[in-house]
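> Features from TrEMBL:
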type	residues	note
COMPBIAS	B:493-503	compositional bias 'Polar residues'
DOMAIN	B:260-289	domain '4Fe-4S ferredoxin-type'
REGION	B:483-503	region 'Disordered'
TRANSMEM	B:39-57	transmembrane segment
TRANSMEM	B:91-112	transmembrane segment
TRANSMEM	B:165-181	transmembrane segment
TRANSMEM	B:201-219	transmembrane segment
TRANSMEM	B:346-365	transmembrane segment
Amino acid sequence: MPTKIEKDTATGRMTTGHEWDGIKELNTPLPKWWLYVFYISIAFSAVWVLLFPGIPLGTTYFKGLLGYSTRVEHVENLAAVEAGRADVLAKIRATDVADILKDPATATYAVAGGRVAFAENCAACHGAGGAGQSGYPALGDDSWLWGGDIHTIRQTLMHGIRSVTDPDTRMSEMPAFGQILDREQITTLTSYVLSLSGAATPAAAVMEQGQTLFADNCAACHGDNGQGNREFGAPSLADQLWLYGGTEAEVAGQITQPRHGVMPNWGGRLDEATINMLAVYVHSLGGGE
Amino acid sequence: MSTSGIDLDGHHEETAQPALFANRLKVYPKAVKGPVRRIKWALLVVMLGIYYILPWVRWDRGPGRPDQALLLDMEGRRGYFFNLEIWPDEIYYLAGLLILAAVLLFLVTSLYGRLWCGYACPQTVWTDLFMWVERLIEGDRAERIRNDKAKLTVRKAGRKIAKHMVWLVIAALTGGAWIMYFRDAPTVTVELLTGSASGMAYSMFALFTVTTYVLAGWAREQVCTYMCPWPRFQAAMLDDQTVTVTYQGWRGETRGKYRKGESFEGRGDCVDCAQCVQVCPTGIDIRDGIQLECINCGLCVDACDNVMEKLHRPKSLITWDTFANQAALGRGETPKPMKLIRPRTMIYTGLIVVLGAVMLAQLLTRTRVDTTLIRDRAPLFVTLSDGSIRNGYTLKITNRRVEPASFAVMVDGPEGLKATVHLADGQELPADDVEVRGDGVGSLRMFVSMPRAIIPEEQTPLHVTVRNQTTGEEAHVDTMFVAPPSGADRTQRSNSVAPVQMP
């Protein structure tokens, strides 16, 4: 509170009693219209409260004279979005995936939709963006166990891999060579297999023996030079990618007691439009053939 | 500094305890003739002319493009200024222009006071126009005061209604013209008149009509004294070399009533006729000195000069002069010419020159191509079957030209890197022929791969250039190529992502 209210000699007005650097503040009244604007604001808020919901009434609330609700509006907006999507989703559902790729606008939509579906359903195993992890193939590289063209990708998505619930699933089993070969043979084979992908070449005798063992036991599925065979989903052993790791111990382990990854069949679980969008998205990750 | 508590004769109101709220003291500005008034009329015609006519100026930009010289197309998200086309992300040109205008205002104010307020401010210009209408219909000051005090008659009501109707018409024209800066003028005019314009257009039209009517018709000087922030800090731009409207107190005082034939010996030239107060659009007495309400319009100069002429006294009792000169004259010294070169004027001028040069250079060198590049974060990199490492990027090429164009994408980095550009669906494009539609953004994927042997470090800087193959315009962007830690054995788990620290 101002302590000393006095009259300003120059203007004859009252001061507020505030003083800064010898300058006293005059007590100048606000203009009347200012007051009226304040009253109008009060009236406006009263009307607003009547028109729109906002007053709680025990377990319910006053709905407002306009019956407006942000929730209703949100539901309507969602319905509008769904309706807007219906056309393009129907088109994606009915179109062969290869033809989707030929239509840039639909393909772009499918990639965007596929990205979302991938994050929900696939990223848990294959990693965000198809990064892959040990035992789960990366989807962005240029190596495909079963083939990387759009139809093959869609087939894999629909029926999965070694999925017991789908009779059309992709099936292959690598025998457990731990019961067929002895420990020394497996060590030899491991050295040979590693040399296929550029690791140090073992001694000539080991190399020769490994070659024979490979031709007898592995070449039928993995190919004469370890190039792999997509018919059986047999991975290439001559490239730099190892699904279950590329150390001696890991390779030897996979020969002795192979692990077989299982991918569920998504046909029936996901809408066909979503499957198609996923196929287009996975194909677009950079390894599509 | 005086307050607005002045009655019409220029005497201060004596109030013992001021009320919380004050009624408006209505100002009845009197008509005045003279050179200042003529300049104000001329400027009013020019500025209102520009405002109302500018949207109708056509500018051919080819088929399918707006042919309005000045258009802020909100729906199309483009600003058109004659030959210039501004995209939303180039809005800094507009910001720069506003900053330039502000500094220019500071400079003008420090040199010549509030010339903006008195001559160019829309509030002043429209209020002047509304006052002119008021004067035509309701007569000059004395008649208006009489009329307002008189009882309501048919004639009084008729004149008031006529005045407000004309005001509303002017306000509607003003509000209508505002819309035309945002929509094609002929189209939106037809739409507004036939009732087919958008709700947004009508609400903006209504908003600007109402504000023009209220602010220029009713609020007037109250806008300047209560609502406008400018008077509150304009004093910071003034110094004793600033030319402002000034009452020559040393010459005018002691003021007093004057009877014809009397001598001016031993008294001031001011005859206390209050003409300067009566013509003032903000209702102040300039003889109290520079004050917040004074908009430096100089109508009091004309009014006083007319009186001085009749009395055969020298003119310029109220005039434009610097505080320093007035003080010198008061002491009986010879005034010096105004000092144009002062620290503040030099700083403002310097700012204007620098800012103007930067903007001009920016404008002259601006290209109509822009690019952004976003590195994929998941996965950070992918190992390919031959052991090389590949990074994925989302590449956006903005083609601001109307014509579709072919762009070349070039990646500078270690010798041996391979870059490919793809459509969103994965289809590969030739890197020297990436087609982007005119006036649009091409969203692409880019893959860069390098054999493990040539990757210099975990994070390798890349420089990407995008060039319009027709015009040669280029856009540049820097990015990173990320590889697994160099110590990692390449046969180890190369399928999976090793944790890599991002910068």
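Cβ coordinates are placed from backbone N, Cα and C, and glycine is handled just like the others.
Each of these features: where is it, how hidden is it, and who are its neighbours?
Model confidence over the domain '4Fe-4S ferredoxin-type' (B:260-289) stands at 91, taken as the mean pLDDT rounded to a whole number.
For the transmembrane segment (B:39-57), the list of distant contacts is 68-71, 118-120, 125, 128-129, 173-174, 177, 180-181, 185-186, 297, 299: same-chain residues at least six beyond its ends, Cβ to Cβ under 8 Å.
Remote same-chain partners of the transmembrane segment (B:165-181), defined as residues 6 or more beyond its termini with a Cβ less than 8 Å from a stretch Cβ, comprise 51-52, 54-56, 70-72, 126, 129-130, 133, 137, 188-189, 192, 197, 201, 204-210, 212-213, 216-217.
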